[in-house]
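Below: the structure, in structure tokens.
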Amino acid sequence: MGKARALILLCAALGLCHCRLVTVPQGPLLRVEGQPLSLRCDVEDYEGPSEQDFEWKVIRGTESMDVISTFDPKFSDRSIKERISSGDISVSRLGDNVVELRIIEARIADSATYRCSTTSTDSVYSGNYDADVQLKVVPNSLLVVPDAVNRVIPEGGSFRLVCNVSHDFLEGIHLSFTWSVIKGPSLSQDLLTVGPGVGVTVGNGFTQRYADGAMRLELGNGASHSVVLSGAMPDDQGMHTCTARLWTREQGTWKKIQEKTVEMGDVTVTPAANSLSVEVQKDSTLSSGESLILNCSVTVDGLTSVDLEVTWLLNDTRVLARSGRDGVLSGASDAVDVRRLGKWDFQLKVPRVDTTDAGFYSCKAIVWIHHSSGRWYEAAEKISAPARVHVIKHNPDFTVVLSSTLTAKFSGDPTDLECKVLNVSNLHSGRLGVSWLFKDGYDPFYGRTVASLDENGTLVPGKTYASRVEVGLITVTRVEPYAFKLRLLHTTHEDVGEYSCGVTAWIPSQHEKWKKTTEILSPALEVSFTNKSPVLGVVAQRLREATASGSTFEMSCRANTQNLPPGTALSVVVLSEVSVGSSSRKLASLGPEMVLKLENWTESARKDGLTLIKTSKTEFQFRMSGVQVTDRGFYSCEMIAWSKASGDNWMEMARGVSNKVQITFEHRGPSFDVSISSDTLSVFPWETVKMECDVRLMGTLPTTDDVAYELKWFLSRLKGSSRASLLAGVDRWGVVHKTPRNDSSDCSLERLGPRKFTLNIHSAQDSDGGEYHCTVTPWIQSTGTSVWSQLPEVTSKKIFLNVKFAREYTPVMRNTNNI
């Protein structure tokens, strides 16, 4: 082959048109005794007819022997004519320029150098006309012996396929193993192949199974290797075989030179459903309140690596509980207990049964097996024969008595009621709960629940009593196993009326935690105060009248009380109204512990001018200095009587509101007016608009007083609309505030004089059109008292701004070329 390539390169260098090239496989070639072999010979770049003739010779040392020719039947040596005539040695034409020397059964004596020659049909002798390849035939030493395989495998089980292979070691020869299964006359699947070399090839359909470890390779000591399959399925049935192959490397690729296949055994997989058995114990009879215990036993022949899902059923359709194959319990109430006693044994427990638990109980088992694909699949399902359960009923019975153990004398005192359960029978492991009911004298036919203790002893407040129960003003407790107490920590007039207690018996149930069976209501009990109800009256009286802005106003609040217990405390709140019937505003308050609090009072500069003090046990005094015009209105007092019978919480006993005292005086100071620059303005887009707001002083200010103005500008985009938006303003300290704008125009404020203000609209747009007006709030400071007084707000008339549209304003374009 090296000489042939050199000839080709030489021909190319000389620029010749034709350079005959004869090629055979690159040797040496290894073959196995008794196996077929073939040697190919090609010729290229030749002249003459397209069909070429070939001759094969064998060369051993210096001797050569003619083997076979494509054109001369007498070419063969006499020593091999018998093999040729029997067809053991033949030559086959694969094409006009390709032939193949074939030997059906190779012999050790066939080892030699084989030469393929072609006769010349070229006009010029060039290239090579023959090529040699060395062939070595080795003895047939390959031996394949399988181990016996288990013929019958349970579904989900495992089986091992052992293949023993031996052969004489020769350099250049490699071995491979293949395990296969034959499922029919024409269906064979490879499970796994090892080699040639160090690689492992998994058959189609078994990749996931191999990746999951359900099919694994166990390499032995070089002669014995195994494939183990777990999680057997019916699809694994069939005749399993082992194939050993010998390989050699030729021209960079693997060449198979021998193959032997042996049968390992016919495997049958038995379905799990054939041996699945599910059983539940026999029928039983229980009394109400006893516990039901049922055991379920599951068996599957030959299976160990499986998972079970067990479902307990009542009357074939009602699912009581389901234990998944992962052990997670689902679909069960808290009253049902399911346990796994062992790999194949399960238990259902229903504590404290009642008549609703009677019926037919059965156990359904599902066998899950791990699929070779990595998924779990349902292999078998079976339901046990039902076990019948009878339950005999015995309801609890008792009587209820209600009594008062502590009666309130005054509002705010505690009241205790006791509810006793007598003559209890058939309660067994049941529980008692209580509900406290109340009816007042206003609607004796309508009762409401104060609070309850449920079957678990949890306190459940009634809807209208929730807040009092949450803070502990109402408590419900179990003082003895069969006695309950209701305590009203601070009894009020709203608590006077009829009380009764309802006792409920609860027994265990399978479907709920507890089931209500018996409910008995006690006779009603009247609850009222032993002393008369407290009364609180309040009188307000003017002590000092405010006669002008800046003067002082004083008012007293006096309480008239009746039937108040010792230790009662009073609180007061001073209220103001602009007019009789309008909403009131809280100014200041003193709580029962005499802590002063300024309520809805926002003028921080005047907070020191507002005082509220207690002058006697039942009287308070309110003072407001520096009265302003905006303080005119009606003032009153609201007082509350509080009791602190126990704990740290104050409880209201009585409430009263006084008469109203008015602050009224005429404002004798100067008055103000506001004027605006004009009624209508018209501008073009992008121009600047100026609008002036003049404050006119009507009258004179005292020379010792100072005045400041708070100014605001408003815009209404619709003419005549009462809704206007704030644009900008300046407070009495001179600080300017502007509302954020989305337009491209902007606005600014200027102060042109002591009482003249200007609004500027820069780069006016269509959206700036509309009605504008300003408001002014004068503030006067008295030099003598340094108190600022706010005067009523004054509003100007409205000015309409018209921003002309583009069609009204068209700039004149001049043609400079005609000038």
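Easy rule for this one: first residue shown is 1, then count along the chain.
Using the three backbone atoms N, Cα and C, a Cβ is placed for every residue, glycine included.
Any TrEMBL annotation is an automated prediction that lacks curation.
Copied from TrEMBL, the annotated features are:
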- 1-19: signal peptide (SIGNAL)
- 33-126: domain 'Ig-like' (DOMAIN)
- 139-263: domain 'Ig-like' (DOMAIN)
- 271-365: domain 'Ig-like' (DOMAIN)
- 396-522: domain 'Ig-like' (DOMAIN)
- 670-795: domain 'Ig-like' (DOMAIN)
DSSP-derived helix, strand and coil totals, residue by residue, for the domain 'Ig-like' (271-365): 6 helix, 49 strand, 40 coil
For the domain 'Ig-like' (139-263), the number of residues DSSP places in helix, strand and coil: 8 helix, 72 strand, 45 coil
Per Cβ pairs under 8 Å, the stretch of 139-263, 271-365, 670-795 packing most closely against the domain 'Ig-like' (396-522): 271-365
Per-state residue totals over the domain 'Ig-like' (33-126) - DSSP helix, strand, coil: 11 helix, 42 strand, 41 coil
Overall pLDDT of the domain 'Ig-like' (33-126), taken as the mean: 92
